[in-house]
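Remarks on the structure that follows.
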Amino acid sequence: MRGFTYLSKVLHSHSSYSKLLVLCSVSTGGLLVYAESNVESGKQVVEQNQPESKKKRVVVLGTGWGGTSFLKDVDISSYDVQVVSPRNYFAFTPLLPSVTCGTVEARSIVEPVRNIIKKRSGEIQFWEAECLKIDPENRTVSCRSGINDNLAGQNDFSLQYDYLVVAVGAQVNTFNTPGVMEHCHFLKEVEDAQRIRRTVIDCFEKSVIPGLSEEERRTNLHFVIVGGGPTGVEFAAELHDYVYEDLVKIYPSVKDFVKITVIQSGDHILNTFDERISSFAEQKFQRDGIEVSTGCRVTSVSDHFINMKVKSTGKHVEVPYGMVVWSTGVGTRPFVKDFMEQVGQEKRRILATDEWLRVKGCSNVYALGDCASIDQRKVMEDISAIFKAADKDDSGTLSIEEFRDVLEDIIIRYPQVDLYLKNKHLLEAKDLFRDSEGNEREEVDIEGFKLALSHVDSQMKSLPATAQVAAQQGTYLSRCLNRWDQCKSNPEGPRHFKSSGRHEFLPFEYRHLGQFAPLGGDQAAAELPGDWVSMGHSTQWLWYSVYASKQVSWRTRYLVVGDWVRRYIFGRDSSRI
C-alpha cells in the first residue's frame with residue numbers, strides 16, 4: 001500500500017512517467033488504469049481558473065463552423081473566452097451524406113472541442129449545455145446542462161458577457177408541412193446520419209422477410225429525398241452507390257425493387273449552381289436510374305405515403321415510401337426566436353445583422369453562420385448623404401473627379417455597387433454618368449445621381465447558408481476583436497456618409513472559393529471562381545484533396561482518408577449498429 005502511495009505521488013508529479021508506464025503496460029499486453037479523484041480539489045481548480053480579471057468576457061454559443069473558426073483565431077490573452085454548446089465536438093458537416101452510407105465513419109469527421117481549445121496558449125472555458133435564453137438588457141445567457149440530471153437544481157446556470165457571439169446554426173424548416181416531424185429523417189447532425197444509416201439497413205432487412213408481396217417490397221425499398229439542393233443530391237448519389245456497389249450483393253433477391261426519388265419544388269436540382277452543373281447532374285441521375293421529380297411540392301407526409309402537388313397541373317399525387325429524408329429549408333431555433341422578439345426583429349424569418357455581423361437592435365451581440373443573415377444597407381437609403389459627402393465644393397452638382405474620390409469607400413460600404421459595375425461592364429466612374437442615350441456627362445445633379453444608381457440595389461444577394469460562409473465570418477470577427485483597441489484609435493473602415501469620420505473596421509466581405517457537388521460513381525462537379533466549371537472523374541479526385549485538406553486536425557484527416565481507402569478495398573459496412 002505504501003508502495004502504491006509513493007508511486008501515485010511520483011506519477012502525479014511527473015505526468016510523463018505516467019504516460020510511459022501506460023504505454024509500456026499496453027505494449028506488453030497488460031492494462032493499467034491510473035486515476036486520482038478529489039471532488040474538493042476539482043472545485044478549487046475551477047475557482048482558480050476563474051480569477052477576477054479585467055479582461056472582457058466573450059461568450060460563444062455553438063461549436064459549428066462559425067464558432068470553431070472564431071475560437072481558433074481569437075486572442076485569448078485579451079479576452080476571457082467561454083463556450084457553450086450542447087455538443088462537445090466539431091463536426092465536418094459537408095461529409096454527413098458520406099456518413100449515412102458508411103463511406104466515412106461518424107467518428108472520423110468529429111473533433112472534440114477540448115482538443116481544439118487546448119491547442120491555444122491560454123485557457124478557454126467550455127460548458128456542455130444548451131442555451132435557453134439571451135437577456136441583452138442584462139447581458140446574460142441562461143443555460144441548462146443536459147448531463148448530470150440527478151443533480152436537481154444544479155443543471156441551470158447563467159453567464160454574463162461583455163460580447164456575445166451567437167453561432168448556433170439552424171434547425172430544420174418543415175414549412176409547417178403536416179407529418180414531416182413525425183415521419184421524416186433529417187440530415188443536420190451526426191446523429192441524423194447515423195439514424196439514416198440504420199434505417200436504410202432496416203428497409204432492406206424488412207424486404208427480404210418471407211411472405212411479403214412485390215408491392216410491399218417495392219414500398220419498403222423506395223427511398224425518397226425531399227429537396228434537390230447540395231445535401232439532397234449528394235445523399236441521393238451516396239445512397240445509389242451504397243445500394244448498387246454493396247447492398248445488392250448481400251440482398252440480391254430484392255435488387256430489382258430498389259427505387260430512389262428526388263423531389264424538388266424548383267425547375268431543376270442544384271439550382272444554386274451553374275446551369276451546366278445542374279444539367280449534368282440531372283443527366284447523370286437519369287442514367288443511374290434516380291428519378292427526379294421537379295416542380296413538385298410536398299403537401300403532407302403520413303406513415304406510408306407522401307402527398308405532393310404537381311405545380312404544372314395542380315394534380316395531387318400519393319407516393320408510397322420506405323424512408324423519407326427531408327433536406328430542404330433552414331429554420332430558427334426557439335431561443336433565437338425569443339431573442340429576435342426582444343430586439344424588435346419578431347417579423348423577420350432569421351436574425352438580422354449589419355455588415356459587421358452586429359445584431360441589429362442591441363449592442364455587443366454578434367451572429368454568425370446559418371442562424372443569421374446580413375441585412376445589407378441599400379445605396380438608395382443613403383443616396384442624399386453620399387451625394388452631399390462627395391460634393392466637396394457644395395455646388396449642388398457632382399463632377400466625375402468628386403465621384404471618383406469617394407467611389408472606393410462606396411464600393412466597400414455598399415458591395416452591390418461593385419457587382420453592378422462588373423455585371424454592366426462599366427469600367428470607369430464616368431460610365432455611370434452617361435445619360436439615357438449613352439452620352440458622357442461631366443457632372444450630374446442629385447436627380448441625375450439618383451438615376452445613375454437607381455438599379456444598383458437590385459444586385460443585392462443574401463449569402464448562402466454554407467460552412468464556407470460561417471467559417472469566414474468566424475475568422476473575420478475574431479480578427480476584428482483582436483484589433484479592437486488599435487482600430488478604435490485608428491479606424492480602417494470606409495467613411496461615414498451620414499456623419500464625420502470612418503468606421504472602425506472594414507465590413508465583412510465573403511470570398512467565394514467555389515463549391516462541389518459529388519454525384520456518385522466517383523464523379524463530381526465543381527464550380528470555382530472565374531466562371532470555371534469542372535465535371536467528371538478528375539473532379540472527384542479534386543474533391544477528395546480539398547476535403548482532406550480542410551479537416552480540422554491531422555487526426556480527422558488521417559481517419560477520413562483511411563475510410564476512403566477502406567471503402568475502395570473492402571466496400572461499405574452493412575452492419576446495423
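Backbone N, Cα and C atoms are what each Cβ position is placed from, and that goes for glycine too.
As annotated by Swiss-Prot, transit peptide applies to 1-35. Residues annotated as FAD binding site in Swiss-Prot, with similarity to another entry given as evidence: 57-87. Taken from Swiss-Prot, the feature NAD(+) binding site covers 221-257. Annotation source Swiss-Prot lists domain 'EF-hand' at 378-413, citing sequence analysis. Swiss-Prot lists Asp391, Asp393, Ser395, Thr397, Glu402 with the feature Ca(2+) binding site, giving sequence analysis as the kind of evidence. What Swiss-Prot lists as motif 'Microbody targeting signal' is 568-577.
Features as recorded by Swiss-Prot, highlighted on the structure.
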{"residue": "Ser69", "record": "FAD binding site", "Cβ within 10 Å": "25"}
{"residue": "Val81", "record": "FAD binding site", "Cβ within 10 Å": "27"}
{"residue": "Leu221", "record": "NAD(+) binding site", "Cβ within 10 Å": "25"}
{"residue": "Thr231", "record": "NAD(+) binding site", "Cβ within 10 Å": "20"}
{"residue": "Asp241", "record": "NAD(+) binding site", "Cβ within 10 Å": "22"}
{"residue": "Tyr251", "record": "NAD(+) binding site", "Cβ within 10 Å": "20"}
{"residue": "Asp256", "record": "NAD(+) binding site", "Cβ within 10 Å": "12"}
{"residue": "Asp393", "record": "Ca(2+) binding site", "Cβ within 10 Å": "9"}
{"residue": "Ser395", "record": "Ca(2+) binding site", "Cβ within 10 Å": "11"}
{"residue": "Glu402", "record": "Ca(2+) binding site", "Cβ within 10 Å": "19"}
Nearest of the binding-site residues to Leu221 (NAD(+) binding site) by CA-CA distance, picking from Arg57, Trp65, Ser77, Val81, Glu402?
Trp65
Sorted by position, what residues of the same chain at least six away from Thr397 (Ca(2+) binding site) have a C-beta under 8 A from it?
Asp391, Glu443, Val444, Asp445
Expressed to the nearest Å, what is the distance separating Ser395 (Ca(2+) binding site) and Asp241 (NAD(+) binding site) at their Cα atoms?
69
Structural state census, the domain 'EF-hand' (378-413) (DSSP three-state):
25 helix, 3 strand, 8 coil
CB contacts for Trp65 (FAD binding site) [other CB atoms within 10 A, all chains]:
28
By Cβ distance under 8 Å, which residues at least 6 away from the ends of the motif 'Microbody targeting signal' (568-577) in the same chain are close to it?
101-103, 198, 201-202, 205, 242, 245-247, 250
Sequence-distant neighbours of Ser77 (FAD binding site) in its chain (C-beta under 8 A, six or more apart):
Gly122
Using DSSP reduced to three states, classify Asp256 (NAD(+) binding site) as helix, strand or coil.
helix
Taking the centroid of the Cβ atoms of Asp391, Asp393, Ser395, Thr397, Glu402 (Ca(2+) site), which other same-chain residues have Cβ within 8 Å of it?
Ala390, Lys392, Asp394, Gly396, Leu398, Ser399, Glu443
Count the Cβ atoms, other than its own, that fall within 10 Å of the Cβ of Val226 (NAD(+) binding site), considering every protein chain shown.
26
Using the alpha carbons only, what distance in Å do you get between Asp256 (NAD(+) binding site) and Ser85 (FAD binding site) once rounded?
45
